[in-house]
Amino acid sequence: MVGFITLAVFIATFAVIYRWAEGSHLAVLAGAAVLVVIGTISGTYTPRMAVQSIYFETLALIFGMAAISALLARSGVYAYLAAGTAELSQGQGRWILVMMALVTYGISLASNSLITVAVVVPVTLTVCFRTGIDPVPVIIAEIIAANLGGSSTMIGDFPNMILASAGKLHFNDFIGGMMPACLILLAVTFLFFEYRQGDWKKAEIPVDLAWVRGEQLRYSDIDHRLLRYGLIIFFITVIGLVLAGPLKVRPGWIAFVAGLTALALGRFKDEEFFSACGGSDILFFGGLFVMVGALTSVGILDWAVAWLEGVTAGHDRVRAILLMWMAAGVTIFVGGGTSAAVFAPVAATLRLDGDGQAAWWALALGIMAGSCAALSGATAGALAMNQYSGFVKRHPELASAAAAGLQFTHREYVRWGLPLMGIFLVLSTVYIAVLAG
C-alpha cells in the first residue's frame, strides 16, 4: 500500500510539472516533503535516509558550472560568438543552420542548454528574418545540437552530472565514451535536415523590407575583465577535471570551488545571485533525489530491475539496450534530468563485458535521444518557443512573414524530433552493442 501511494505521489508531482512547467522546483520540493512524511509515518523512509539519497556531488557540479557559465555569459562572449558565426553564414539558409548549430554545440559542451539557447536563438531570429529564411528549422536544429553538446561532456548538462555521481565517472570517461557518438549523431542531424529541408528556396519567407533596413545584427559588448576571469577559471577547472581521476578527487568538488571563485569575481547583483548559482536547479534536483530515494525504499526500482532481468533473460547487453530505449520514451514526458535520476540506480546493476561503462553510455544516449524528440523533453524547448513568440510579438511587422513559414508548435517540433530520436536510438544501439561486446 505504501509503495502504491509513493508511486502515485511521484506521478502526480510530475503531472503537475508537465501541466505547469514554471515553479517545477517548488512542486518537486513539495512532493519530496510529502514522501518523507509518508515514509516516516510508515517507517519505510526516514529523514536520514532522504538525506543519504541525495547526490551532493551532482549539486556541487550544478552549482559550479552554473556559476562559471553565468560569468562567461555576463561577459558577453557567447552572444559575440553567436553574432560572429551568423555573419559568417552570409545569409545562406543551409549555412545559417549548420554554423549556428555548430556554435550551439560548442557552447553546450560547457554550459547548460538553457544558457546556450537564451544566447543563440535571439541572434538566429534576427539573422533569419533579415535574410528572409524561415527560422523554425534552424531553431529546431539548435535545440538538438544543444542536447548533443550537453551530452558530450560531464559538465554540459544535468543528466550527465547525475550519471557522473551515480557511476563514479570522470570527465575523461565522458570524452571517450560520449563525445565520439554525439559527434557522429551531429553529422547525421545535418544530413537529416538537408534531406528534410531540401531546397532552401522553399524556406524563404516575405519580410517587410523596412524592418530589414532598420534591424541590424548587433555585436554584444564584451566585458574583458569578466571574460579574462571566466576563461581562466574555466580552463583551470577543465584541467582539474581532467586530472581528477589520477588525483583521486571527485569532479564535483573541483567544480564547486571554481563556482565559488566565479561568484566572487562576477559582479553579480543581489537579485542575480540565486540564478547565477543555479539555485532553482539545485532545489529541483535535491528534491528529485529525495523522491527517487523514496521509490527505492519501497522496492519499486528493485521491481523494475527484476522485470528487466526477466524480459531480457539475464543478458546484460540486451538489458542495457532496452534501458536506453525505455529512458528515451520516459524522457519525452519528464525531461532528461528526471530520467537520469530514476534510471541511474538501474544502470548501476548492469555488469557488461567489454567497456564496463557501456551501461552508463546507453542510459545517457537514451536520455539524449528522448530529449530531442519533443519540446517537453528538451531542457530548453519551452524557452526557445517563448523566445520565438516573444520576438514576433515585439515586431508585429513580421507577423505575416512568420505565418508564411513553419509554425513553431509542439506538433511541428515532433515532426522533426521524433524521426531523429528513432535514428539516434538505432545508431546508439549499434554503438552500445559494439562497446559491450
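A Cβ is built for glycine as well, from the same backbone N, Cα and C atoms used for every other residue.
Going by Swiss-Prot, these are the annotated features:
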- 26-46: transmembrane segment (TRANSMEM)
- 53-73: transmembrane segment (TRANSMEM)
- 95-115: transmembrane segment (TRANSMEM)
- 136-156: transmembrane segment (TRANSMEM)
- 174-194: transmembrane segment (TRANSMEM)
- 229-249: transmembrane segment (TRANSMEM)
- 252-268: transmembrane segment (TRANSMEM)
- 281-301: transmembrane segment (TRANSMEM)
- 320-340: transmembrane segment (TRANSMEM)
- 358-378: transmembrane segment (TRANSMEM)
- 416-436: transmembrane segment (TRANSMEM)
The transmembrane segment (416-436) versus listed stretches 53-73, 95-115, 136-156, 174-194, 281-301: most Cβ pairs under 8 Å: 174-194
Contact call for the transmembrane segment (95-115) and the transmembrane segment (320-340): at least 3 Cβ pairs under 8 Å, seq gap 6+: no
Interface-richest range of 174-194, 281-301, 320-340 toward the transmembrane segment (53-73), CB pairs under 8 Å: 281-301
